[in-house]
Each structure stands twice: as C-alpha cells, then as structure tokens.
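Annotation comment: TrEMBL describes 26-48, 60-78, 98-123, 144-164, 197-221, 242-260, 272-292 as transmembrane segment. The feature domain 'G-protein coupled receptors family 1 profile' is assigned by TrEMBL to 41-290.
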Amino acid sequence: MNTNNRSATADFILLGFSNQPQVEHIISGVVFVFYIVTLVGNTTIILVSNLDSQLHTPMYFFLSNLSFLDLCYATSIIPQMLVNLWGPTKSITYGGCVLQFFFALDFGATECLLLAVMAYDRYAAVCQPLYYTIVMHPQLCQKMVLTAWLGGLGSALILCSLTLKLPRCGHREVNNFICEMPALLKLACVYSKVIEVIVYALGVIFLLVPLSLILISYTIITQAVMRIKSTARWRKVLNTCGSHLTVVTLFYGTIIYMYMKPQNSTSEDEGKFLTLFYTIVTPTLNPLIYTLRNKDVKNAVKRILYVRKCSAKS
C-alpha cells in the first residue's frame, strides 16, 4: 500500500524532445522570446485599457480579461518548461504537475467561453448600435466574465480530479513538454469510458457550443456589414471583428483538433507541436493581432506616452 501511494505521488518526467537535444535548444530560445513578447504585449493591453478613459468600454473590458487570461495561462506553463529545457533534469513534482494541469484546463476553458462573450459584444455593437450601451451595461459584462471564469473553474475541477484518479501503474514519463490531459491519459494503465464520455461532453459545452454561437454572431454581423454604406464605419467594424475572428480561428482550431480527435489518431510529435502552438504562440499573437489591427489601442498608447512625456517635462 505504501509503495502504491509513493508511486502515485512521485515526480513526473516531462520528455519533450529529449531525444533530440538540438531541437530542444532551438525550441527553448523561441519559447523564451515568445514568453517575453507575451508578458509585454498582454500587460500593455491591460494597462492601456485601464489608463485611457476612451477605452473604458465593454469591448476593452473583455479584451483586458483575455489578456489577463493569456498572462496567467502562459505563466502557469512556460517557466517550468524553460527550466526543463535548460536544465539537466526533465522532472516536475507531482504537486507542480497537478497545478499546471489544473490551471491549463481552467484558463483554457475560460478563454473558450470568453471568446464567445466577445463575439456577442461585437454583435451588439454592430447590429444594435443605438442600444449598445443599454444592452452591454457594466453589470451584465461583469456577470458574463464571472460566468466564464466559474465555468472554466468547474470544468477544470471535474477533469483534473477524474484524470488524476486513474491508476498509472508506476508510469511517470509524460511524453510532452507540459502536464496536459492527452499526455496524462496515456499514462493510465486502464481504459476509462466514463472519462472519454465526460471529455467529449465538456468538449461540446466548452468548444462546439461557444464556437457555434460565435459563427452565428458573425453570420448576423456579416449581413449587417453588407448594409453599411459608410466606408469608414465598415473598415472599423472589419478591423475589430477581423481581429477577434483571427484569434478565434487560431485558438479554437488547434484546441478542437487536439481534444476532439480520438487520442490514438494523433502522433506524438504532432501532439507536442500542437501543444507548443496553443500554449506559446497563441497567447503571444493575441495582443499583436489586437494592437496591429486596432487604431484605438495604438492611439491610446500614443496619448498615454504623450501625457507621461508632458508630465516629465513639467
């Protein structure tokens, strides 16, 4: 009994590309650069959205929450990944693996719901502009964000507890860079139909349903945009909606491909690169997509820098 308890809580070995050291050196450099960009980009959006009064709107309230999510998501994964990539050992404690697994599920599920909320916000802004401030009042925005966070928390608690209860028969080598569900399920020495059903059910709730709502929202938005005669307003709608659609495509595309496919149909190396993409690349691209395509954010940054410059001179 004691031996089983010790093996159940023993450290895990994150293999990554340990059989290809040269590839790991390249990946570690890329991951470090992307992490710095993630920290700077998302922190900038949060600060600008809060400091500039012209950005105190529902859209930027949701965007700052998305940036905070990306910061938390990346920070829960990347530092440990860099330690393993740079260090001689590839181990992670049982507690560290549990926390990484839990937070990755929590933040990922929350982002699925938050992106759907942001799509509804764009629908209200484009299709109901006269009633936008009434429909998207601050209390509703806060409740929608709170629901997204609580929904992600609930799904993470369910999946994390069920996955970690599976017997591993002493298996400790996680064939990935991080402790995530597909890799941890492969350590189990028994097949659980219950977990498979729950994973697909939650996948429908947190992936397919929000994605369907997003597609419906943008179908209606597209019909409304086609009736807009003002070129300036048409371009503004295209920029804001185009940024959100790009983020949705990157995030949902990789997550659905990773989690909704049968686990045995994805090769090990393919799974690792997909993991790198949605844990490293997506949080980095989100602030770049929103700032490069959004004049409001760029103008807000200029205003804040100008005010700071004038304050320093005085």
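Sequential numbering from 1, following the chain as shown.
Keep in mind that glycine also has a Cβ here, set from the backbone N, Cα and C atoms.
Fair warning: this is a prediction, and the values are worked out from it, not measured in the lab.
Counted as Cβ pairs under 8 Å, contacts with the transmembrane segment (144-164) are highest for 197-221 among 26-48, 60-78, 197-221, 242-260. Note on the transmembrane segment (26-48): residues 16-17, 55, 63-64, 67-68, 70-71, 74, 78, 81-82, 85-86, 276, 280-281, 283-284, 286-288, 290-291, 297, 300-301, 304 of its chain, located 6 or more positions outside it, place their CB under 8 angstroms from a CB of the stretch. Across the candidate stretches 197-221, 242-260, 272-292, the maximum count of CB pairs under 8 A to the transmembrane segment (60-78) is reached by 272-292.
Listed as Cβ neighbours of the transmembrane segment (197-221) (distance under 8 Å, sequence separation of 6 or more from its ends, same chain) are residues 109, 112-113, 115-116, 119-120, 122-123, 126-127, 151-152, 155, 158-159, 162, 181, 237, 241, 245, 248, 252, 255-256, 259-260.
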